[in-house]
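Working notes for the structure below.
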Amino acid sequence: MLARRQRDPLQALRRRNQELKQQVDSLLSESQLKEALEPNKRQHIYQRCIQLKQAIDENKNALQKLSKADESAPVANYNQRKEEEHTLLDKLTQQLQGLAVTISRENITEVGAPTEEEEESESEDSEDSGGEEEDAEEEEEEKEENESHKWSTGEEYIAVGDFTAQQVGDLTFKKGEILLVIEKKPDGWWIAKDAKGNEGLVPRTYLEPYSEEEEGQESSEEGSEEDVEAVDETADGAEVKQRTDPHWSAVQKAISEAGIFCLVNHVSFCYLIVLMRNRMETVEDTNGSETGFRAWNVQSRGRIFLVSKPVLQINTVDVLTTMGAIPAGFRPSTLSQLLEEGNQFRANYFLQPELMPSQLAFRDLMWDATEGTIRSRPSRISLILTLWSCKMIPLPGMSIQVLSRHVRLCLFDGNKVLSNIHTVRATWQPKKPKTWTFSPQVTRILPCLLDGDCFIRSNSASPDLGILFELGISYIRNSTGERGELSCGWVFLKLFDASGVPIPAKTYELFLNGGTPYEKGIEVDPSISRRAHGSVFYQIMTMRRQPQLLVKLRSLNRRSRNVLSLLPETLIGNMCSIHLLIFYRQILGDVLLKDRMSLQSTDLISHPMLATFPMLLEQPDVMDALRSSWAGKESTLKRSEKRDKEFLKSTFLLVYHDCVLPLLHSTRLPPFRWAEEETETARWKVITDFLKQNQENQGALQALLSPDGVHEPFDLSEQTYDFLGEMRKNAV
C-alpha cells in the first residue's frame, strides 16, 4: 500500500488555522453560557485564551517564513492565500483579545462587589444574630460602601467632544452626551456608561462635571461675553489697561469655539495660545522672567492672563496634539530641522574632498600610482544596512493630510550628528496603513529615494557611535494649508557593545521612542500602555502594538568592502547609486591628483561634471535619470570595454553630458520641492520625455538645438570647479 502523501506547507498551515478558528469559536460560545459566570470557569477560559494566543503566534511565525520554493507543486495565487491566512490569524487574535479584556473586567468587578452567594450567607447570618451583631454588620456595610466609593464614583459627566473607539473596550460617544463614570483610574482612562447601558474606557480629557447649575451659569456667561476682560501682567506686577476695543467680543467668541486664538494688540505683537481643558498656573523660571500663562478658567471664564515678554509661541505641533490630531509622542522632526539649517548635514558636503590640517594635501583622497587610480581607504565603520519595514506606526487625524512617509538616518553618538542625514521614502498599502515598507517592486529601475539598501561609512572613534533612525511624515493642514514635518518616533542602534566589539550582522527589531532623540522615557502613543492591564496576556498584546522598526545589518564580502573603500571616510547613501559616486570620486582623483600641473595650484578647473554632480544628491529624480541612461549605455558595451577603466570613465562623462547637464539647466524642469506630488510628477514627466528623445535621436544634441527647448542663461559656474571654494562654502 502506498504511503499517504504529505501535505504541502501552506496547505498544512491552512488546516491548522481552521482548527484554531474552530477552537476560538467554541471558546467564544462557551463564554456566553450561564456557567461561564463562575470564577473557576472564567479562569479556565482565560487560560485557554493564552494557550490559543500562543498557538496563533506560532502559526504567524511559520506563515511568515513560508515561500513558494517550499511547495512541492505550483500554487495558484500563492501570495493572496498567504495574505488571507494572515488576515484570519489577526481576526482570531482580536477576538481573543476582546474576550480576555471582558474576563479581566469581570474579575475586577467581582473584587469590588460581593457575590450573590456572599450576600445570601450574610443575610442568613444577620437573621440568626442579635441586635448588636446587626448594628456591627451595618457599620461594616457602610465601611465597604465608603471603600467602594473610592473607585466607583457614580458621577455624571458631559462630553466636550466626539470620541471614536480606537481599540476593543473603548466607549464611543458624541459631544454633549451625558456619561456615568463608574471608575476613575489614575492613568486618565475612566470606565463610564452611556444612557444605553454601554460600558467602556473613555479619556478623562473629553469629560467635564455635569450639573444643571453649571449649565445655567455657562449660558449666562456666554451671553455676557462682551464684559470679559483681558489683562496683561508683568513680573513687576504692573497691570496693563483692559481691552475695550469693539472687536474683543468676536475674538472671545472664537476662543470659546476653537480653543486656539491669536490676540492682536498692535501689528508687532501676536500671542498664540492653546487653551487646554486642564487648568494651568502661571509659571516663573528661576531668573524671574515671565514664561507662562494662566489658562482659561472653565467655571468663570472671566479673565485670561497673558505675559507681555518674551512673546509666548506655541508651534503647530502643540496645537495638533491638543486637538487630538496626532499622538502625544509626535514632535517636530529633529533631523529635518538640521537639514534646513545649513549644508553641513547634506550628502554633497561629505562628498567633497577634505584637506589636511596643513592645507597642503587631501586627507581622504590619495593617489595610488601602482593601480593608476585613487587609493582605497578602510574605515572603522563600513557596513550595508537594509530597511525592512515599520509596524504599528500611529495614524494622524483627519485634520492633516500626509504627503510623505519616510525614515531619516544618520550616525549619532548620543549628543551630536556625525554624518550626513540620509532619507529613504516608505510605501504603504491602504489595507495596512500602519505598516511602512521599503524597496518596492517596480517595472523599471527602482527610484533611489525608495531604496532601502544603504551603505554606511564612518571613521569616528566615539565608543557610543550608532545609527539614529527617525521616522517622519510630511503633512499639510487641511484647514490652513500649512506644511510641516513630524517625527513619528526614533530609535538609536548602538554599533558597539560595552567592550568595543561590533554588534553582530543580523536583523534587529527596534521599538520606537517618542519625543526627540534628546528626550528619554517618552512613548510614541501613551494611550497604548495606559490600557495595559496586569495580566501577562494583555501585556504581550500591548508590546505587539508598540511601534517598531525592522532593520538588517549585512556583513560585507570582499567585493563590497573594496567598493566601499573608494568612498569618503564618512558618508551614508543608497546602494543603487554607489557606482555613480565611485565614478565621481575616480574622475575627481584624476583631475585633482593626476592631471594638475602642480599640486600647489589652486586655479579654477574647467569640468562641468565635477561642478554639477553634487547637485544630483539633492535631486534624486535627476540621479535616477543618470542611472537609467548609464544602465542603457552599459548594456551595449563589450566585455573588453567594461574591463577598461579609462574607457568606462570617458563613456560615463559622455552620458553625463547628454543626460544631466541639459536637465539641470532646462527651464521646463520645475525646482525640486520635497513631498510635493504635483511638482514631482511634473519633473518626472519632463525627465521621461527628455530621455525618450535622447534614445530616439542617439544623443541630446537635437534636443539642445530644438527651438522648443528653453534653457537658463549660461553661467560660468556651470563649467567651473573650484575645490577650495566648495570647501569654504561647506565650512560656512
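Glycine is treated like the rest: Cβ placed from N, Cα and C.
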Annotation match for phosphotyrosine in Swiss-Prot, from Y78, Y475, Y721 | Y721
Candidates Y46, Y157, Y210; Swiss-Prot annotation phosphotyrosine sits on Y46
Swiss-Prot annotates one residue of Y349, Y508, Y538 as phosphotyrosine; which residue is it?
-> Y349
Counts of helix, strand and coil residues, the domain 'SH3' (152-212), according to DSSP = 4 helix, 27 strand, 30 coil
